[in-house]
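Everything below concerns the one structure shown next.
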Amino acid sequence: MPLSVKDYTWEETDSLLWITIPLKGVNYPPYFFECLLAAPVEDCRGCAQIGDGVIIFKLIKKCPGFWKNLHSSDSNNKEVMKNKRDEALLKYQKRLEDEANEKNDIKREHGKTAVNEMLKIEQLERDRIAKIKDEERKKATEALEKWKEEQRSLAEKEKEKLLAENKSKTQHSKRKKPGSIFESEPKGKSGIVRESGNITVKHTPRVFPTPTRESQAEQEETWLKKQAEARNAIQLSLDNDLSEKEKNPQWLLDKGNSYFSSGDFQSAINAYTCAIHLAPKLPTLYSNRGACHLKLNNLFKCIEDCSKALDLMYPPVQQNASSRARALVRRGTAFCMLEMYIEGLKDYEAALLIDPKNEAIQSDAQRIRKKLSPSQTSYYRQQGQQSGFDLGTIGIVDGLFVDTYRC
């Protein structure tokens, strides 16, 4: 059953409508607010925000213009309200069915495309393998024919050599005296004595001190390789697997900055992460990694890293003022991209107090203020007066300010 909430408020512009409903700290299961609007709105583009004890519905009008009343003239007619409610439910169910059918169609098309691409890849792979086989077969055939020709040539030479030796022996035996069956060794000639020498044999040192007959060298080398890859993957090892440069946090910081400048944000995150493991108290590493997460739209990780950097930069001094301003701007940008404009605006206020003459922040003031509804602006002014802040001129970042405060 819809609850009757009478102390709600509503505001409008030419194209937008805000309805603010207070939450009084009471659980109403199920709780919802029903209202037959005076004119149609974009039901797929509206949103709701819960916070500070209220629910704010932000609706976009289909036809621009100002309404005189929030409710339609038929809102008191129970029959009309029932028909409108049933019509809205049917329309919502139909939209869900259409979206599900569209997703299924897209999934089927992607599946067909993936199968076709896989078939093409497999055919190309088969053609490549067949081509390699043909080339190898051709090379092997040519090598075999060449070897056969060499063997025939050697056989002919060996045959000619044997014939020549047999002919020489026959002629020599005819010149020998009868009764002499042994040739005497020529006088004055003796056997040649070879010189002695030493041969040095070097063996490759093995990591595992096991005998060769008991060794499983292949499995051992595979295990060592996997261990080295694991240490390099998490980048936590300080042993000989890492070079001297990779053990230096400053070198890793410069490497990450170089990756950031070239647009390779994921590689920059890896470099900063390795440096953080080596020097976990260096706030610049967290702040720079937060900038990379912001570029990749990892907004919650950006908020986490920037918050960690601000914690490490306590107490605030003049030496870390610019670093604190960069961290605040990056965290505020992430809040604004999450449509948490009040939280983002607080970070921008803090950054402006550090760097009040920054023209880039001041030029963006109106843009973030336009993102706030009138009730949000009023609430933020009250909070600012209580905490000593002024709404001032703070801007939302669309890329330019992030580049200004990059690594």
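Just so you know, the numbers here start at 1 and follow the chain as drawn.
Every residue gets a Cβ built from N, Cα and C, even glycine.
All TrEMBL annotations are machine predictions without curation.
Per TrEMBL, coiled coil is recorded for 89-160.
Residues annotated as region 'Disordered' in TrEMBL: 162-218.
Under the heading compositional bias 'Basic residues', TrEMBL lists 169-178.
Annotated repeat 'TPR' per TrEMBL: 249-282 (among others), in sequence order.
Per TrEMBL, the feature repeat 'TPR' maps to 325-358 (among others). For the repeat 'TPR' (325-358), the model's average pLDDT works out to 85.
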DSSP-assigned states of the repeat 'TPR' (249-282) in counts, ordered helix, strand, coil: 28 helix, 0 strand, 6 coil
Residue distribution over DSSP helix, strand and coil in the repeat 'TPR' (325-358): 27 helix, 0 strand, 7 coil
